[in-house]
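> So that we are looking at the same thing, I have put the structure below in structure tokens.
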């Protein structure tokens, strides 16, 4: 195997990347290699989707399937080799069906692409693993060099992140043909093994720009369905009663679960990136949406083991449920998979509910501990004039966006320490699961505004971008001239594409950590620093002094 897509990848003096029997995430070499083969098949499918569009053929089955299958290869999403093979088989079936449609329209229709006619060598895992060796992501690294390889990975992993957001938006009924056309173009292009550095850099920015549009339709999909988030207090301590825990990003799954558990006596708790759900009017109206349970995803093996109910994983992040001996209580949805655990097909949660009713539940209610969420796009925009007035009165010195992914690396304590060191005349915005490093702390208020503003999930970076643009317009300056600094933690591919989105929009001087992506060479990091001022975090004191002195 060779996988270098997440922050916890193995790093050695001779090179970075997981390349043994199992990756740091728990993904086996078998699953990793089969995912590489799936990616190659999906690149061929995208090549045919582009040809079809030339002939005015848009196959919605292909558009719906392709990003979803690609999403399954993200970190901590699907560890089930058989389901990865199933995606590859389905991709070939869709590709051949689309090719037939193209040839009915134009008998000479062909696609000149190295993956356009790729067939699986068999149905058994040993045969497919042998075939997958030809599609290892580092197969020609020694030939093209570390910089080209690193840029390919930047594009590939960024596109994976965008594909995940496309799937989240699709679940909510959002579709934009222009976005899907761009996605297929980038995916097919990556299948040609590009080597031109300038093209690779430009297309990475192109993927970032595309993702801004993806986040926009996802934002509208969520707010159209569930209303605009409102500041809402959330209890992070359990109450007595039967319980189901739901994790991931899929608000539609949460809505269905809430509807199906209403009146059953089962309380629903959010976990991880599902926390922002409590701010949506159409979700928080359910009285049995009891609160939020747990902390960052990396602690789930301990926290899920203690949860006395059923658990539903709607998207990333899942890790080995057998370690905490709760594999029989966890259920996967959609693209999520772990070998041997229950997988829910369709929209009927009755099996989960029945299991929860048969489990102990929480024996008593703990003393409440409330945190506040729900500072979404409309709420932020409504506060824009207040923020501007406070800046003008010199009552608000600076705004920090401290967010991104959480993880297990010890150095991530930086983000807790950083927020605690933010001066009292400054505000902190946060989003994504990195917030669990500090979101239960009391930061107080500034002139009536909470000093900690929870914007939402990782994709709600869109709301923060919209606020920054609006503030810049009102102040007659550029976004980079605002008293605003971004301090971002990364772990996986969604964070990569959000970084690309910010860079593509011209946002500069972003601080990132806890480490640089393992696929970015020193040369590439120097380019990003030179073009965008992107820099690695150092110490809290040094970074804070640098930011406030600017």
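The first residue you see is number 1, and the count goes up from there.
Every residue gets a Cβ built from N, Cα and C, even glycine.
As annotated by Swiss-Prot, [2Fe-2S] cluster binding site applies to 3, 6, 18, 25, with the evidence given as sequence analysis. Among the features that Swiss-Prot reports, hybrid [4Fe-2O-2S] cluster binding site is placed at 249, 273, 317, 405, 433, 458, 492, 494, with the record citing sequence analysis. The cysteine persulfide annotation in Swiss-Prot covers 405 and is backed by sequence analysis.
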> Note the Cβ centroid of 249, 273, 317, 405, 433, 458, 492, 494, the recorded hybrid [4Fe-2O-2S] cluster site, then list each other residue of that chain whose Cβ lies within 8 Å of it, in sequence.
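Checked against the 8 Å cutoff, the neighbours are 272, 297, 316, 432, 457, 491, 495.
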> Here's one to test understanding: among the binding-site residues 3, 18, 25, whose C-alpha is closest in space to the C-alpha of residue 317 (hybrid [4Fe-2O-2S] cluster binding site)?
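Given the candidates 3, 18, 25, the nearest one is 25.
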> Of 3, 25, 405, 433, the binding-site residues given in the record, which has the fewest other CB atoms within 10 A of its CB?
25
> For residue 317 (hybrid [4Fe-2O-2S] cluster binding site), list the number of other Cβ atoms lying within 10 Å of its Cβ atom.
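That number is 27.
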> Which three-state DSSP class does residue 3 ([2Fe-2S] cluster binding site) fall into?
strand
> Which state, by DSSP, holds residue 18 ([2Fe-2S] cluster binding site): helix, strand or coil?
strand
> Any idea what the Cα distance is from residue 494 (hybrid [4Fe-2O-2S] cluster binding site) over to residue 6 ([2Fe-2S] cluster binding site), rounded to a whole Å?
10
> Between the Cα atoms of residue 18 ([2Fe-2S] cluster binding site) and residue 492 (hybrid [4Fe-2O-2S] cluster binding site), what distance do you get, rounded to the nearest Å?
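Here the two Cα atoms lie 14 Å apart.
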> What residue among the binding-site residues 273, 492 has the most other CB atoms lying within 10 A of its CB?
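Per the Cβ count within 10 Å, the most buried is 273.
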> Relative to the mean position of the Cβ atoms of 3, 6, 18, 25, the recorded [2Fe-2S] cluster site, which additional same-chain residues have Cβ within 8 Å?
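So the additional residues around the site are 4, 5, 8, 9, 17, 23, 24, 27, 32, 75.
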> Please work out which residue of 249, 494 has the most C-beta neighbours within 10 angstroms of its C-beta, and give that one of the binding-site residues.
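Answer by Cβ density within 10 Å: 494.
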> Counting only residues 6+ apart in the same chain, whose Cβ is under 8 Å from the Cβ of residue 458 (hybrid [4Fe-2O-2S] cluster binding site)?
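Expected: 249, 273, 403, 404, 405, 431, 432, 433, 494, 495, 498.
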> Taking Cα atoms as reference points, rank the binding-site residues 3, 6, 25 by distance from residue 492 (hybrid [4Fe-2O-2S] cluster binding site) and give the first.
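It is 6, whose Cα lies nearest.
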> Between the binding-site residues 6, 18, whose Cβ has more other Cβ atoms within 10 Å than any of the rest?
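It comes out as 6.
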